[in-house]
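Over in Swiss-Prot, the protein carries these features:
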- 37-61, LYS187: NADP(+) binding site (BINDING)
- LYS93: N6-acetyllysine (MOD_RES)
- LYS93: N6-succinyllysine (MOD_RES)
- LYS106: N6-acetyllysine (MOD_RES)
- SER170: substrate binding site (BINDING)
- TYR183: active site, proton acceptor (ACT_SITE)
- SER221: phosphoserine (MOD_RES)
- LYS235: N6-succinyllysine (MOD_RES)
Amino acid sequence: MLKVGLPLGACARSWKSVRMASCGMARRNPLDNKVALVTASTDGIGFAIARRLAQDGAHVVVSSRKQQNVDRAVATLKGEGLSVTGTVCHVGKAEDRERLVATAVKLHGGVDILISNAAVSPFFGSLMDVPEEVWDKILDVNVKATALLTKAVVPEMAKRGGGSIVIVSSIAAYSPFPSLGPYNVSKTALLGLTKNLALELAESNVRVNCLAPGLIRTSFSRVLWEDPARQESIKATFQIKRIGKPEECAGIVSFLCSEDASYITGETVVVAGGSLSHL
């Protein structure tokens, strides 16, 4: 008797394809042709986010305060076959924010995604010893610039029918890091900014969410993990007893920018190994 059909291996592959399509797994590029701006994206968490967004199909504009850092990041990501350009941007300067948005519009026709990641933390010590100019600098860059860059980018998102914004806060918003008082306060402020922006921008179909990373191994957080005793003290508060990796933040951000998160706004996702995350 002649038996007609697919070989067993082919049947298995066909069935796997059906299952992947049924649950949305067949969509290889969830951010296909989206245009994304990522601030402070030449190193650490920002760089990992830029890479992941580009891997997921977005055209990404990376930025940093130094041209050599921008050039290095762009060269690295282009070397991986990703669609990436870059420009210098100090988010505390209005002209730099304007140039960042203009670069995306000129090269790609608009903006769909903003990742607000830039932050400074120039002080380590008692909150009672913080000079006024340090307060001004931290709040200017970490909070005010985030709001003003959002203001600059929303009209471009509206032209394209909406968009997604992810603000990068920190677990320090919930559980303050010792001796980093002004930074902790600024990151708590971003939780409130996220809620307010989400409320106001919903009518423009712009979603606003927040990422709160825990202790992630980056140059920015080195002061917290380079000393073994301090590192062990901090890790003792984690349920997952290790320092996180930038890539463990990037996937969450890509999800929040995708259609899979189309009914999520005003929320903060904590990526912190089980650290306490309640105000």
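Heads up, the Cβ atoms here are built off N, Cα and C, so glycines get one too.
Feature map: Swiss-Prot annotations on the structure.
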| residue | record | Cβ contacts under 8 Å, 6 or more apart |
| --- | --- | --- |
| SER41 | NADP(+) binding site | PHE47, ILE49, ALA50, VAL60, VAL62, SER63, SER64, ALA73, ILE115, ASN117 |
| ILE45 | NADP(+) binding site | ASN117, VAL168, PRO213, ILE216, THR218, PHE220, PRO246, CYS249, ALA250 |
| LEU53 | NADP(+) binding site | LEU31, LYS34, ALA36, VAL38, VAL60, ILE113, ILE115, ALA250, VAL253, SER254, CYS257 |
| GLY57 | NADP(+) binding site | ARG28, ASN29, PRO30, LEU31, ASP32, ASN33, LYS34 |
| VAL61 | NADP(+) binding site | VAL35, ALA36, LEU37, VAL38, VAL84, THR85, GLY86, THR87, LEU100, THR103, ALA104, LEU107, HIS108 |
| LYS93 | N6-acetyllysine | none |
| SER170 | substrate binding site | TYR183, ASN184, LYS187, ALA212, PRO213, GLY214 |
| LYS235 | N6-succinyllysine | LEU215, LYS241, ARG242, ILE243 |
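When secondary structure is read from DSSP and collapsed to three states, ILE45 (NADP(+) binding site) falls in the helix class.
DSSP assigns LYS93 (N6-acetyllysine) to coil, not to a helix or a strand. LYS235 (N6-succinyllysine) falls within a helical segment according to DSSP.
The least crowded of the recorded positions LEU37, ILE49, LYS106, TYR183, judged by other CB atoms within 10 A of its own CB, is LYS106.
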